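Here's the structure we're looking at; comments come further down.
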Amino acid sequence: MEGFAHQLVAGIATGGIYASVALALVMIYQATHHVNFAQGEMATFSTYLAWAAVQGGAPWWAALLGTVFASFAVGVAIERVLLRPMRSAPVLAVVCAFIGLMLIFNSITGAIFGYAVRPFPSPFETSAPLLGGLVSGHALGSTAVTLAVLALVWAFFRHTGLGLAMRAAAYNPVSARLVGIRVGWMLALGWGLAAAIGAVAGVMVAPVVFLEPNMMLGVLLYAFAGALLGGIDNPAGAVAGGFLVGVVENLAGAYLVGAELKLTLALAIIVGVLLLRPSGLFGRAVESRV
Amino acid sequence: MATLLEARALTAGYGGPPVLHGVALAVEEGGVTALLGANGAGKTTILRALCGMIAASGEVRFAGERIDGLPTEAIARRGIAHVPDGRGTFAELTVEENLRLGAITRRDRAAVAADLEGALTLFPRLRERWRQQAGTLSGGEQQMLAIARALLLRPRLLLLDEPSFGLAPLAVREVFGALARLRAEAGVAMLLVEQNAALALDLADRACLLETGRVVLQGEAAALRRDAAVRRAYLGR
């Protein structure tokens, strides 16, 4: 029983990471109807930036903050430079661009920082388990950070004029232009925010999975499964889906399929959702007239 | 009266052969110009071309300055509010959020609050629907929301694309009553596209008659109302 509770809590902690990356995916999907396959590698690159800053002697939290801002700028730049000219390109071209972006980030990370697996320091006490041995300090701390990030993002979209303008631009770009919103810049801001959220997720997961250029590959798959499960056009649903996938993954890994087959589970969820309920648990089915 | 909007040699289309062929038209400061014509004559296309929503050539001056070639959002920021074909409300957002979006580019908070009050006085029904999703409103309420949102831009010129389309007769009366008040009390200039020619000519002081992308007749609204051809084709008398 204690083992079950332990797995559950650990699942919530990793679920928070998946939820953050799922939210980043959904933000870009809602605005552009494309899934950014490079989201994970962008986050990995950001995590290496944080690592380099810490190695260079920066305080841990300052390194995180700096990385978040740098990632935001990189996200905005990618939209402006790469995606803006492709705005009316066919879907397949955009998919190719995303895959190219993923490979570029992966290679740049490897070229600059090498392919060795490195430990990543955690700012939270990791040696002494908390809550009666149930949870590690890092799991608790990273869950708190991801929840804080999710709450901040929610408050931004719900309660600020800029957040409202970004939602309007995503829902109805034509009308958004008619009220004077610079839709192109809203898209770029969305990319920046998604990259910043991904950076936090990467830094939070790195102490667990260790730092290496492919560290986010699994995370991205789980996050994608979570986003689909919750509804790819529904941010709150995607967050819930991310947590759910984290818990299911941990429990199934411990009791059903074993650690080696866990990633298969993510793929099974993706296929299952697409077959049975393409709009996800909380998404709305879109009817279109022809 | 001074000319607020003037278009010359406006040619535009959707990628294929042009829909508009050298259209010229004008809206006076505080005046209402009606665009009449059959389906497919190019009325909606004119509004889209004026707002930079489609590629167009020709010259468009607004308050003396060239606005052709500017992006849509820049034209909106200069004070042209377009209530588009199909109303263009944000269906997923609430009435309140739709109205806040109308004033999203403005920084003068006190004036925005006053304009919001004014819009809600013009369309009291919107106050009752405040927290409702725009997509769940009736057709008439959506049209009122679309016009109210446009007014929150504090426009100098309102472009209205078939405000009576798909509305119940009572809702049409309410909407056109509000437009008449706006014109009389706030002096907002309008360029009005309308199928119902009698309704449009009642509100307008000038009118243009379009046929297959060309202006075939234009002048005082009263004169067009007396014109035999217009009466036969568009007024049914």
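Even glycines carry a Cβ here, placed using N, Cα and C.
Here is what TrEMBL says about this protein:
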type     : residues  : note
TRANSMEM : A:6-28    : transmembrane segment
TRANSMEM : A:60-78   : transmembrane segment
TRANSMEM : A:90-117  : transmembrane segment
TRANSMEM : A:137-157 : transmembrane segment
TRANSMEM : A:185-209 : transmembrane segment
TRANSMEM : A:215-232 : transmembrane segment
TRANSMEM : A:239-257 : transmembrane segment
TRANSMEM : A:263-283 : transmembrane segment
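The stretch from A:6-28, A:90-117, A:185-209, A:263-283 with the most CB pairs below 8 A to the transmembrane segment (A:215-232) is A:263-283. For the transmembrane segment (A:6-28), the partner stretch with the highest count of Cβ pairs under 8 angstroms, out of A:60-78, A:137-157, A:185-209, A:239-257, A:263-283, is A:239-257. Across A:60-78, A:185-209, A:263-283, the stretch most heavily in contact with the transmembrane segment (A:137-157), judged by Cβ pairs under 8 Å, is A:185-209. Remote same-chain partners of the transmembrane segment (A:60-78), defined as residues 6 or more beyond its termini with a Cβ less than 8 Å from a stretch Cβ, comprise 42-43, 45-47, 49-50, 53-54, 101, 121, 123, 188-189, 191-196, 198-200, 203.
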